[in-house]
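First comes the structure, then the notes that go with it.
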Amino acid sequence: MILSNLAMACLSYERTRASRLHLVLVVLLYCISSEISSSFAELQRFEHAPKDDGSIRFLVVGDWGRRGFYNQSKVAWQMGRIGEKLDIDFVISTGDNFYGDGLKGVNDLAFLDSFKNIYTAKSLQKQWYSVLGNHDYRGNTEAQLSPALRKIDSRWLCLRSFIVNAAEIAEFFFVDTTPFATKYITDKKHQYDWSGVSPHGAYITNLLKDLNVALRKSSAKWKIVIGHHTIRSAGHHGETQELVRHLLPILKAHNVDMYINGHDHCLQHISSLNSPIQYFTSGAGSKAWRGDIKEYNSEAMKFFHDGQGFMSVNLTRSDALIVFYDVLGRILHTWKLNKQLHSAF
Ligand SMILES: *[C@@H]1O[C@H](CO)[C@@H](O)[C@H](O)[C@H]1NC(C)=O
Ligand SMILES: *[C@@H]1O[C@H](CO)[C@@H](O)[C@H](O)[C@H]1NC(C)=O
């Protein structure tokens, strides 16, 4: 449409020199604006209204789908109990939703055996917002992202990267981190479904641009970024260098409050020493107890649990309260922040 208009303009403007210059300018502007719109696609947004009292409460679990084994069912039961107590609004999954190789298709029974028939508590019948982990990429990723799963269980929402807005209180930025890590691209032992994300370089560049624009525009009190892979971690996998290099500078530039991830099968809280960012790992939804914790800066390391469990978050405009629970629902670690009292870096 625009192109044919341009062609028409071209014909009628052909006559004079002055209008030829005008034409050049129009074409230039068109090229610049189309360049901007094609490379800054908006991330898909969802609205999740806070409660009437102005708070948002949710649970975070990761690395879980093992048909109830490795204490997945025990963790699920405790999530139901705590979810009820907190009257949660939704659940966040930090990925590795289905072991060992994601879902084979939309009719894969793992969806029922590892999700629908496991998280059965009444309090967990809320929206689930999920990202993909590296194990999910070993299956049919399109199946896990498919709206067909929402017909089987309406709680399920998994997309590569997206945003959830909770009015002016919080904005959640879900980021597809698996394509960042080059080790999967060169992994000869496993097959990955890279359809829709290759070439990786362009995919990541666009994703980072979109995230940068969305974070810059955000006026939410709490900016929370969620991805499967670690940025800071003393766990088995340690830090993901590609995220430290490419994602972290964007989080720092926009005063992100929290980065929440899974991947390491533990519960963990690390405070950044040179920015407000709190790093929370909740990747303990089933198999845990790796027993290989790395040395870490003791000032930054606030908490580490080498075992199963999950995390709860309670946010208001001014306050955040994070609690970690073990497989028996016992409170292991609590972290509070009041934004008014907290002096900015
Ligand atoms: C499951 O949790 C129990 C504690 O209730 C613990 O004794 C057991 O080792 C855990 N099992 C696994 C496979 O982690
Ligand atoms: C959530 O946090 C607010 C503010 O800190 C507090 O008043 C409220 O009691 C908390 N709610 C729950 C269920 O923990």
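A Cβ is built for glycine as well, from the same backbone N, Cα and C atoms used for every other residue.
Keep in mind that TrEMBL annotations are predicted by a computer and have not been checked by a curator.
Under the heading domain 'Calcineurin-like phosphoesterase', TrEMBL lists 56-266.
As annotated by TrEMBL, Fe cation 1 binding site applies to D63, D96, Y99, H265. All protein chains shown were included, and the count of other CB atoms within 10 Å of the CB of Y99 (Fe cation 1 binding site) stands at 23.
Around D96 (Fe cation 1 binding site), a 10 Å sphere centred on its CB holds 29 further CB atoms from the protein chains shown. Per TrEMBL, Fe cation 2 binding site is recorded for D96, N134, H228, H263.
By the criterion of other Cβ atoms within 10 Å of the residue's own Cβ, the least surrounded of the binding-site residues H228, H263, H265 is H265. Taking the Cβ of D63 (Fe cation 1 binding site) as centre and 10 Å as the limit, one finds 30 other Cβ atoms among all the protein chains shown. Around the Cβ of N134 (Fe cation 2 binding site), the same chain contributes G95, D96, T178, A181, Y184, Y192, H228, H229, H263, each under 8 angstroms and 6 or more positions distant in sequence. The record gives D63, D96, Y99, H265 for Fe cation 1. Within 8 Å of the mean position of their Cβ atoms, the other Cβ atoms in that chain belong to G62, W64, G65, R66, G133, H135, G262, H263, G283, G285, S286, K287. Same-chain residues that are not part of D96, N134, H228, H263 yet have a Cβ within 8 Å of the Cβ center of the Fe cation 2 site turn out to be G62, D63, T94, G95, L132, G133, H135, D136, T177, T178, H229, G262, G283.
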